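Comments concern the structure below.
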Amino acid sequence: MQTLDETSNLLPPPEEAEAPPLEQKFHEYNLALPKFPILFSLWLGSFLSSLDSTIVANIMNRVAEEFSESSKKQWIATSFLLTNTAFQPLYGKLSDITGRKSALLTAQFFFGLGCLLTCFARNVTEFSIARAICGIGAGGLNAISSIAVSDICTARERGVYQGYANIVFGFGQLLGAPLGGVFIETIGWRALFGIQVPVIMLCSVLAIKNINIKLFHVPPMKERYTLKNLSRIDIFGSLSLVATISGVLFLCSSQLNKLYLALFTIGSFIVFILVERYYATEKILPFELLTRSFCLSSAVTVISSFVVFGEIFRSPIYLQLLQNISVTKTGLFLIFPSISVAVGSLVTGWVLRNTKINLAHCAYQIIFGGMIMQLLGLGLGYFLLSHLNPDYTIYDMLESITFRSNSIWWKLIYVFASVLVSFGYACLLVATLVSIVFTVEKSQQGTMTGVFYLWRSIGNVLGASLTLVSYENSLSSMLWNYMFKTKRDDEYHFTKKQYYSLINDSSYLRGPNFPTDIFVRILDVYKKAFLISYIPNIALAAVGIVLSLYLVKHTYKRSSSS
């Protein structure tokens, strides 16, 4: 018999406390719902979102060339990811106050509208604006899919179902790259975005029919769309966050006044903190719920997302420019990382479901392993590219092995390095989501899952943009130095028109515009610019390993003491 004193806790631990009767009733109802119709309704939209992301990664260089605005191609990727970042956490809160179905239909509307407008873009600016509208919806498609899975599954089941979800997501990424290549070289990229509109309309019909999840904390239908209820959505926090991230991107890529941009960025960040701390009633970033473990895992998530999206958007440009590989064949290179995302998600879900150790500690060990794989993949990729000359030359890795640009060996190593980065990312993603379900109250899971996707999206937009900006800035300065400042041993004289043609239209590089020896040296400048773009990613991956190791040790001590 247990002895009690005045310090004894008479209440059961939070995970053992009984839920209110109605909440428990709704929970049992949701668990009993037929899963396939719900998951199909959710995952079809998620599939489209993932398809869209790799389509753009593969075709953005060609689209920018078509508009003769290659120097702006980072905005094709960034505009979509920026709005995705800003609105994703709002969908978590929106689904908590209006229900999962209403939030999902809102996301589907913006995604379809963005795809439709993309078809009619006449320049990179219009293309980017349309992609931004599409990103508003895409953020919700992914976030609500993950949130709704937690409603109809137990915590341990969620790891497996999240693995299935990432298989669907990975399959979309797998098809996106080759489809983008085939379409842009046959019927054009406009049709590729146009055919997504009727598909997302079908998703809306399925959502209306199948998404019937009941939630205890959602107000009655007549109260959901009142001004008082909708005012709970933290729109000012979201807008100030967009302003902060946009300021960072403009600081890195714009020729505007750096002082004013820096002041704008700092001011926006201060406004965001003040709104989240003192103004917003229900925050997109609830500081009071941010435990040390969640903060560490969030930081690692940002880093991992930065690394993988930097790779996704750098890889096609490298293959197309330096190795002269077509858009269609570039898509084949991107298939393997997409497969690794699906496999990594499934394996992680299986491990978490069958582990005998503390579930949270197991999840954090997987996060640590995922970061190690990403650093190894980046290091291998950097080593390969630093020794592999563009397109035609010979590189002796070992005395018995010779690489040529048309050799299968460098391609296998390149794919393996990309697979390591993507596999590690998938493991980290599933493990972090499961740790949220295991450590957060049911009523806050939608919000905290939205916060998780906020961190992931911040990593996505910064990784894609800053990696491309690092490459573009390095290329601009190095080309200028080579063409006009460096003393060369040849007699060739460059013109500024040639310089700006290379910067604004990357197809100019492969045209008959330079003598062979000059062309070779220009390619070497491009190669050095690509290598420089690896450095921030490698440094961040190393930081991620340190943080995830601390996370493992922290949870191990906590689980041992308990």
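Cβ from N, Cα, C; glycine included.
Feature list (source: Swiss-Prot):
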{"type": "TOPO_DOM", "residues": "1-30", "note": "topological domain 'Vacuolar'"}
{"type": "TRANSMEM", "residues": "31-51", "note": "transmembrane segment"}
{"type": "TOPO_DOM", "residues": "52-100", "note": "topological domain 'Cytoplasmic'"}
{"type": "TRANSMEM", "residues": "101-121", "note": "transmembrane segment"}
{"type": "TOPO_DOM", "residues": "122-131", "note": "topological domain 'Vacuolar'"}
{"type": "CARBOHYD", "residues": "ASN123", "note": "N-linked glycosylation site"}
{"type": "TRANSMEM", "residues": "132-152", "note": "transmembrane segment"}
{"type": "TOPO_DOM", "residues": "153-166", "note": "topological domain 'Cytoplasmic'"}
{"type": "TRANSMEM", "residues": "167-187", "note": "transmembrane segment"}
{"type": "TRANSMEM", "residues": "191-211", "note": "transmembrane segment"}
{"type": "TOPO_DOM", "residues": "212-232", "note": "topological domain 'Cytoplasmic'"}
{"type": "TRANSMEM", "residues": "233-253", "note": "transmembrane segment"}
{"type": "TOPO_DOM", "residues": "277-292", "note": "topological domain 'Cytoplasmic'"}
{"type": "TRANSMEM", "residues": "293-313", "note": "transmembrane segment"}
{"type": "TOPO_DOM", "residues": "314-331", "note": "topological domain 'Vacuolar'"}
{"type": "CARBOHYD", "residues": "ASN324", "note": "N-linked glycosylation site"}
{"type": "TRANSMEM", "residues": "332-352", "note": "transmembrane segment"}
{"type": "TOPO_DOM", "residues": "353-365", "note": "topological domain 'Cytoplasmic'"}
{"type": "TRANSMEM", "residues": "366-386", "note": "transmembrane segment"}
{"type": "TOPO_DOM", "residues": "387-419", "note": "topological domain 'Vacuolar'"}
{"type": "TRANSMEM", "residues": "420-440", "note": "transmembrane segment"}
{"type": "TOPO_DOM", "residues": "441-448", "note": "topological domain 'Cytoplasmic'"}
{"type": "TRANSMEM", "residues": "449-469", "note": "transmembrane segment"}
{"type": "TOPO_DOM", "residues": "470-528", "note": "topological domain 'Vacuolar'"}
{"type": "CARBOHYD", "residues": "ASN504", "note": "N-linked glycosylation site"}
{"type": "TRANSMEM", "residues": "529-549", "note": "transmembrane segment"}
{"type": "TOPO_DOM", "residues": "550-562", "note": "topological domain 'Cytoplasmic'"}
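Overlay of Swiss-Prot annotations on the structure.
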residue	record	DSSP (3 states)
ASN123	N-linked glycosylation site	coil
ASN324	N-linked glycosylation site	coil
ASN504	N-linked glycosylation site	helix
Tell me, how many other CB atoms lie within 10 A of the CB of ASN504 (N-linked glycosylation site), whichever protein chain they belong to?
16
In the topological domain 'Cytoplasmic' (353-365), how many residues does DSSP assign to helix, to strand and to coil?
9 helix, 0 strand, 4 coil
Number of Cβ atoms other than its own within 10 Å, given for ASN123 (N-linked glycosylation site):
12
Rounded Cα-Cα span from ASN324 (N-linked glycosylation site) to ASN123 (N-linked glycosylation site), Å:
25
How big is the gap, in Å, between the Cα of ASN324 (N-linked glycosylation site) and that of ASN504 (N-linked glycosylation site), rounded to a whole number?
18
Under 8 angstroms for C-beta pairs, at least 3 of them, ignoring pairs fewer than 6 apart in sequence. Is the transmembrane segment (132-152) in contact with the transmembrane segment (366-386) by that rule?
no
Which sequence positions outside the topological domain 'Vacuolar' (314-331), separated from its termini by at least 6 residues, show Cβ-Cβ distances below 8 Å to it?
57-62, 176-182, 184-185, 385, 390-391, 405, 418, 467-468, 471, 506, 509-510, 523, 526-527, 530, 533
Which numbers of helix, strand and coil residues does DSSP report for the topological domain 'Vacuolar' (470-528)?
43 helix, 0 strand, 16 coil
Same-chain residues near the transmembrane segment (233-253), Cβ under 8 Å, at least 6 residues beyond its ends:
74, 78, 82-83, 85-87, 89-90, 93-94, 97, 261-262, 264-265, 268-269, 271-272, 275-276, 279-280, 282-285, 458, 461-462, 465-466, 469, 472-473
Contact call for the transmembrane segment (366-386) against the transmembrane segment (191-211), three or more Cβ pairs under 8 Å:
no
Number of Cβ atoms other than its own within 10 Å, given for ASN324 (N-linked glycosylation site):
14
